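Encoded as structure tokens, the structure appears first; notes follow it.
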Amino acid sequence: MQLTSFTDYGLRALTYMASLPEGQMTSISQVTEVYGVSRNHMVKIINQLSRVGLVTAVRGKNGGIRLGKPADQIRIGDVVRQLEPLSLVNCSSDFCHITPACRLKQVLNQAVQSFLNELDNYTLADMVQDNTPLYKLLFVE
């Protein structure tokens with residue numbers, strides 16, 4: 001299963017925010033600069049992350065973005081569930097004439113659930129704690 005770039009950059013943005021001291025604000029511009037992604041694309045991602053409570057956005061002169069809850073409470077599987085379209089195949093009867101008898105969708109759904117269950121074993125904190133090489137790459141001191 002390949003994650004969409006939307007989910008990929010969502011995870012990267014969260015990783016960046018998790019690498020900052022807890023509660024510290026950053027900006028969308030800073031995140032886009034670190035990862036070299038379009039600002040418009042990142043705005044959409046941050047808006048979605050904010051809607052589901054994973055990011056807090058504060059407007060104004062001293063505003064910015066930060067994690068919506070502690071990194072050790074944000075499971076990677078939950079992030080993927082919020083950002084990723086998880087349907088692997090189009091099983092509508094208009095698209096596939098074997099849909100009424102097909103068992104593949106159930107197998108694929110079980111595989112996706114196993115994938116997500118594995119991701120649930122890890123939090124953002126697991127991705128950043130004691131990860132000096134990551135801090136150096138992100139220019140976080």
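Along the chain as shown, the residues are counted starting at 1.
Glycine residues also receive a Cβ, built from the backbone N, Cα and C atoms like all the rest.
Of all ranges given (4-27, 28-51, 76-99), Swiss-Prot attaches the label DNA-binding region to 28-51.
Each of the binding-site residues Cys91, Cys96, Cys102 was scored by the number of other CB atoms within 10 Å of its CB, and the largest score is that of Cys91.
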